[in-house]
């Protein structure tokens, strides 16, 4: 406590005789090696943290001493550590607003009513400012929890811990082994009309057991739970219990256990559902188990288990790192730094109260703000694709709450805050300069602009050298990467069985010819029969000889003979139709790529230069030009190397059993390199950069938002 020792308003409180209300309870706790005292108000469910000196002062207020007498006695006990009068006034104001003080005067009922109304308005404002967590209290579950707590006490002991540690990791391994089946078309499966009722039922079961986990954990260590209700999480009703009684627990591990109880329950339910899903045959029960897995997993990792949102994970982190009220103090510390470091204000109180807190507070304030923005943007995007009106409303709310409202508050602070007295002009000039610089950066300063896609090196089918019959490569006849003429033998295959069959048929033909000569002298019927056999044998022999001729692969056009790993070909068997090499003509090396509908206008009308980088030669950029552009979007299968399942970036429609249809229609482009490509790159992926010159960031953002609305809601 380091404020001025005396205060001009002291006369207003010095003669008051005050004391804490009888129902208030005080709990001693230790945070980061420092002792603190928590005052609990069981009636309102609120907690107030006091320093040792503040707690000592409150303990001296017994209803008989005046405030001034208590302050003087505090000075005798603490000496130079005695708090100043200004801090004492702040402490009394805090306790008065919380309705925790009574005095020697009759209470001001009008003031009490005004405080209650202000508290209700404050809570309503908090709910409206956070649509992810609007609460509606319903009933008091403490009696039910007290009666049923003995039935679940074993869960919080060694048997429950061992069971959880065995089941959850095993179920996680099963989920990984069945990951492709679990995630196949997951969004459409979950949101299908036939699954909605199952999902709602699973949702209510999971969330009810989640909140009961919190309640039983509070009862396990002697706390009380007096509120249960519904919290509207992204417009979905979710049961909740008020487990704030755990704030009075002395052990941080007990507080963290209460906060994590819901996460533990959900992971346990997800593990049971995973086992059931793996063991069951398709049907209603298996679909219900899948919904339990999906709900418990998504809510745990995106919401409840994430410390960057003020749900269970937040309280677990806050308790384990011993920084109570982490979110509020993190924001206060961020603005404290802005006021002191940027605006140069003096006399500001730092929310840092212990060594090591500053890094946590600054890191949490920035990361939580960014994560909330990303999560809200993702939810808005998701709703735009499913419920466009709700998505637009949420996006508008996010813009107002995350941008417009903070700007309005900042402007009000700059224009009206008494703390800027004497530095208001400097603060306005500095803030205006920063805003102007940001506006210039976003709207005026041109920055490099390009579209990056992945393509594949492709040649026409006539350039491919494919096996025309089954066989084993005997030898490569031409030198790889050499120029060859049309008709030049390139690769020779062999098929010992084919040659054996040819020799057998040749011997059979000679035998038939000899028999024919003998039969001509005395048996014309026999002659006709032998002639028919001879024709069949000759036809079969001709067919085999044609196959034997096809064992030698020849060039069908002039070009460069390219083959990958020619030294590995001899001795390998290849079935008919296998591509072994290419004969690439002067203008036959092309690159194919697919362009998203949102980028095709830029690529077509605003491309200044095209660069191609091969995966094996990523350091070298080769110039290229577009030689062919499909006028309409296509949805047929892309080159294999571009598909997501083959390591590319193009998603295929999971509903297509043949896996030959694109998930979204795209535009196919062909590019021609302006110089020879590296050796052995046919069929490989390349990185393509369409250079659009330079453009400020703001027009890009406006264009992207416009395309989003055009694509999703036809605005």
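Cβ coordinates come from backbone N, Cα and C, glycine included.
Just so you know, TrEMBL annotations are computer predictions that nobody has curated.
Features reported for this protein in TrEMBL:
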- 502-547: coiled coil (COILED)
- 200-280: domain 'Peptidase M50' (DOMAIN)
- 154-177: transmembrane segment (TRANSMEM)
- 189-206: transmembrane segment (TRANSMEM)
- 256-278: transmembrane segment (TRANSMEM)
- 284-303: transmembrane segment (TRANSMEM)
- 361-383: transmembrane segment (TRANSMEM)
- 389-408: transmembrane segment (TRANSMEM)
- 428-449: transmembrane segment (TRANSMEM)
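Within its own chain, the transmembrane segment (428-449) is flanked in space by residues 342-343, 410, 414-415, 691-701, which lie at least six positions past its ends and keep a Cβ under 8 Å from the stretch.
For the domain 'Peptidase M50' (200-280), the model's average pLDDT works out to 87. In the domain 'Peptidase M50' (200-280), helix, strand and coil residues by DSSP number 54 helix, 12 strand, 15 coil.
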